[in-house]
């Protein structure tokens, strides 16, 4: 379980970025949303110890992040950064994904097994000999996820994973997230894309000006006045409300509900 207990953070005195944040999350897909500058990335950097609370505590499965190293936390919390290119340095996809498990001290057979599993999970089987830097934007994003998956962390943080993706890349990402969820991964997703939230999130955490404004189910989130928080309500949600339908995640669900 991830627990934030009255967490405060500031980069310099007089400019508080997070204010008394408290919540707990154990499984599923949690989307963290909010306007620019609301503290989203600051919050998730506390999950693997890149940042430590100035006041309060962050606990990961009972471990206080103030008391352990980033390396120790990385075995529990995997972090995929916004720019996947910054993660790559090997000459091919196989070596890239194998790097993490090798550093965990696993034997060669287990490393190969994890690489195969991770590439299968993100739809990149057959890419083993490809140069990471020659992949498309969506393929690079999926490779970055595979690199972290191969280390088998309990929690996976995706920070703005759909940045720069075209429609096909976004759909591939959605499929990866759904696949990982089916396999039991717990995912923390930071995004500005409210339609992505609608499609994949089980719970939503809303930040504004460093304050926790909402934490609850995706259904409850879309009952809020999103525009009042500087967020755009998806057209699908508007249409659903107009025709008196409670909650659907995509067009296919909407058509099924109305009998088309």
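Every residue gets a Cβ built from N, Cα and C, even glycine.
Remember, predicted model here, so these are calculated numbers, not experimental data.
Quick look at what Swiss-Prot annotates:
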- 34, 35, 36, 37, 38, 39, 40, 41: ATP binding site (BINDING)
- 2-234: domain 'ABC transporter' (DOMAIN)
Other C-beta atoms that fall within 10 angstroms of the C-beta of residue 34 (ATP binding site): 24
Neighbours of 34, 35, 36, 37, 38, 39, 40, 41 excl. site residues, C-beta within 8 Å of centre, ATP: 207, 208
Local backbone state of residue 38 (ATP binding site), from DSSP in three classes: coil
Which of 36, 38, 39, 41, the listed binding-site residues, has fewest other Cβ atoms within 10 Å: 36
Distant-in-sequence Cβ neighbours of residue 35 (ATP binding site), under 8 Å, six or more positions away: 208, 229, 230, 231
Residues near residue 37 (ATP binding site) in space but at least six apart in sequence (CB under 8 A): 209
